[in-house]
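A.B. asks: I have a structure here, written as structure tokens, and I will follow up with some questions on it.
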Amino acid sequence: MYDIKKWRHIFKLDPAKHISDDDLDAICMSQTDAIMIGGTDDVTEDNVIHLMSRVRRYPLPLVLEISNIESVMPGFDFYFVPTVLNSTDVVFHNGTLLEALKTYGHSIDFEEVIFEGYVVCNADSKVAKHTKANTDLTTEDLEAYAQMVNHMYRLPVMYIEYSGIYGDVSKVQAVSEHLTETQLFYGGGISSEQQATEMAAIADTIIVGDIIYKDIKKALKTVKIKESSK
């Protein structure tokens, strides 16, 4: 079993987006710690299994971040289940999890399931609109969410998601200072080695996604953060 606490860098692939064989090979051979498959729009059983089968040729951990029940399937090393803490719709707190347990509860290996305390911070992102997230958050709000995740819910991961824009470093720093047990994931707008280095100095793990589809060379440079210690 892989130890996710050792992961510093994850590439996130969207099953609804095209990636060439050459670019996928470069991503999977880049020394990233893991590949995560996940997205908001058009995540289907067919495109998830197609992308999974392409990535499975490489010897690295493979994660499915669950956005709907229809695209859940066996074959992944881990299943990340987001609970969107700042959603105004209870479905995105535990509704998806409830349906997953009703459908697959009898066969789930809970050692493979990682629950993420998700906080969506970009009001203009698809994920914010889809999850009906209240993104008007102060530093104090984020600190309270961090305390909730770390001390009360005791979730293994807190994911600060800016989805498409580079986040407020001071707010991410404030969150990190309240997490003593929970692993901090950061994702959103990382498009350069400098940004990757800046966020990797704060977060335990950075997630790099959109830049893969815009500039593969810049995406690959973000893996260099693994050469330095946090």
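Heads up, the Cβ atoms here are built off N, Cα and C, so glycines get one too.
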A.B. asks: In Swiss-Prot, the residues Tyr159, Ile160, Glu161, Tyr162, Ser163, Gly164, Gly189, Gly209, Asp210 are said to bind sn-glycerol 1-phosphate. Which of Lys6, Lys12, Lys17 is said to bind at that same site?
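C.D. replies: That sn-glycerol 1-phosphate site, as Swiss-Prot gives it, pairs Tyr159, Ile160, Glu161, Tyr162, Ser163, Gly164, Gly189, Gly209, Asp210 with Lys12.
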A.B. asks: Would you mind reading off the Cα separation of Tyr162 (sn-glycerol 1-phosphate binding site) from Thr40 (Mg(2+) binding site), to the nearest angstrom?
C.D. replies: 14
A.B. asks: What is the nearest of the binding-site residues Ile160, Gly164, Gly209 to Asp14 (Mg(2+) binding site), using the Cα of each?
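C.D. replies: That would be Gly209, nearest by Cα distance.
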A.B. asks: Using DSSP with the three-state reduction, classify Tyr162 (sn-glycerol 1-phosphate binding site) as helix, strand or coil.
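C.D. replies: DSSP assigns Tyr162 (sn-glycerol 1-phosphate binding site) to coil.
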A.B. asks: Quick check on the binding-site residues: of Gly164, Gly209, whose CB has the lowest count of neighbouring CB atoms inside 10 Å?
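C.D. replies: It is Gly164 that, of the binding-site residues Gly164, Gly209, has the fewest other Cβ atoms within 10 Å.
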A.B. asks: By a 10 A CB contact count over all chains shown, which of the binding-site residues listed here is most packed: Lys12, Asp14, Thr40, Ile160, Tyr162?
C.D. replies: Ile160
A.B. asks: Excluding Lys12, Tyr159, Ile160, Glu161, Tyr162, Ser163, Gly164, Gly189, Gly209, Asp210, please set out which residues of the same chain place their CB within 8 Å of the center of the CB atoms of the sn-glycerol 1-phosphate site, keeping sequence order.
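C.D. replies: Along the chain, the qualifying residues are Asn122, Ser125, Gly167, Tyr186, Gly187, Gly188, Ile190, Ile207.
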